[in-house]
Amino acid sequence: MSDTPGSPQLMSRLRVVFAGTPEFAASSLATLLESQHEVVAVYTQPDRPAGRGRKLSPSPVKQLALEHGLPVYQPQTLKAPAEQAELAALNADIMVVVAYGLLPQAVLDIPRLGCVNVHASLLPRWRGAAPIQRAIEAGDSVSGVTIMQMDAGLDTGAMLSEVRTPITPRTTGGDLHDRLAIQGANALINTLDALATDSVHATPQPDAGVTYAAKLSKAEAELDFHQPAQQLANKIRAFNPWPVAWCALGDDRLRLLMANAEEGEQPPCEPGTLLKHGDDHLRIACGENGSEVLCVTSAQLPGGKAMAVRDLLNARHARLASGTRLGARLDTRLGKPAAQASEGDTP
């Protein structure tokens with residue numbers, strides 16, 4: 001059916017400016033491009049150095065936009081009047097923002113319907129930069145995506161819709177990221193359709209239950225085996241695939257990718273001690289007195305690939321013998337202060 005003036009199809013089509021940068025945002029853009037709405041321009045962060053050669057690389061959103069022949073804008077900031085005038089000239093009905101950054105109120109006021117954001121948490125829980133990983137790290141049993149009307153605060157706008165999804169004991173940060181990227185993209189289109197026909201209700205976020213998801217850093221990735229087993233297992237799953245949890249094994253870093261807490265307790269011993277392992281998992285003493293057990297089922301040694309612990313034990317059995325102490329700081333053996341050795345290191 002062709003779109004004629006006055007038809008429902010034409011009247012419900014929105015002119016959209018899209019703003020986003022990483023893979024999570026690219027999923028929303030891809031789905032938006034398949035919808036009835038018209039993407040008139042794309043905003044993304046400036047190209048950044050990436051890889052060992054540190055060459056300037058376009059963001060996933062920019063790559064997708066260029067593939068579809070869309071105009072791409074990469075301002076350092078949208079605070080300048082000239083940049084705001086350029087945005088206003090696009091005459092967009094709405095601006096969709098996914099993992100792009102905070103916008104000044106002057107920008108939020110430009111589109112006719114304002115700006116909406118796809119946020120990877122059930123607001124007001126986990127406002128901020130790393131909601132996916134923080135939800136797993138905290139032991140949450142459910143996560144989701146919230147589509148919100150943006151205001152000048154940090155993820156404080158009124159909620160337009162949400163989608164929920166479970167977090168299981170085997171959910172990793174990568175798993176949840178990919179799932180929410182798809183669910184968020186679909187929820188975005190449903191919300192845009194509703195906004196186009198004025199059939200959506202905005203709900204203010206409640207004052208109770210607010211938490212903040214701080215940005216991830218490599219410095220957090222080192223494990224402290226004095227912590228409880230469940231806390232360590234959550235962190236390992238949350239930090240997979242980045243920044244990847246690790247501990248010292250001799251003069252190397254053992255990267256831990258999947259783990260769970262063993263039920264019950266064992267006799268106290270030094271936290272970080274490798275206990276008698278199972279056929280397919282390492283058992284590491286942890287907790288304040290080493291009476292809890294962390295079971296690791298996937299790991300990676302330097303120069304090797306990530307593999308199931310069953311295979312790792314077959315290849316490196318001597319290094320992972322019972323009684324081996326994990327977690328002694330590499331820098332103490334290398335004669336460096338702890339902060340100096342850990343800052344900027346890549347696990």
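Just so you know, glycine gets a Cβ as well, placed from its N, Cα and C.
As written in TrEMBL, here are the features:
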BINDING   SER121, LEU122, LEU123, PRO124  (6S)-5,6,7,8-tetrahydrofolate binding site
DOMAIN    15-191  domain 'Formyl transferase N-terminal'
DOMAIN    215-315  domain 'Formyl transferase C-terminal'
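Structure coloured by features recorded in TrEMBL.
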| residue | record | contacts (Cβ under 8 Å, 6+ apart) |
| --- | --- | --- |
| SER121 | (6S)-5,6,7,8-tetrahydrofolate binding site | ARG127, PRO131, ILE132, ALA135, SER143, GLY144, VAL145, THR146, ALA213 |
| LEU122 | (6S)-5,6,7,8-tetrahydrofolate binding site | VAL142, SER143, GLY144, THR146, GLU162, ARG164 |
| LEU123 | (6S)-5,6,7,8-tetrahydrofolate binding site | THR146, MET148, ASP155, MET159, GLU162, GLN205 |
| PRO124 | (6S)-5,6,7,8-tetrahydrofolate binding site | ASP155, THR156, GLN205, PRO206, ASP207, GLY209, VAL210, THR211 |
Other same-chain residues whose Cβ falls within 8 Å of the Cβ centroid of SER121, LEU122, LEU123, PRO124, the recorded (6S)-5,6,7,8-tetrahydrofolate site, in sequence order: HIS119, ARG125, TRP126, ARG127, PRO131, GLY144, THR146, ASP155, GLU162, GLN205, GLY209
Helix, strand and coil counts within the domain 'Formyl transferase C-terminal' (215-315) (DSSP): 20 helix, 34 strand, 47 coil
Mean predicted confidence [pLDDT] for the domain 'Formyl transferase C-terminal' (215-315): 95
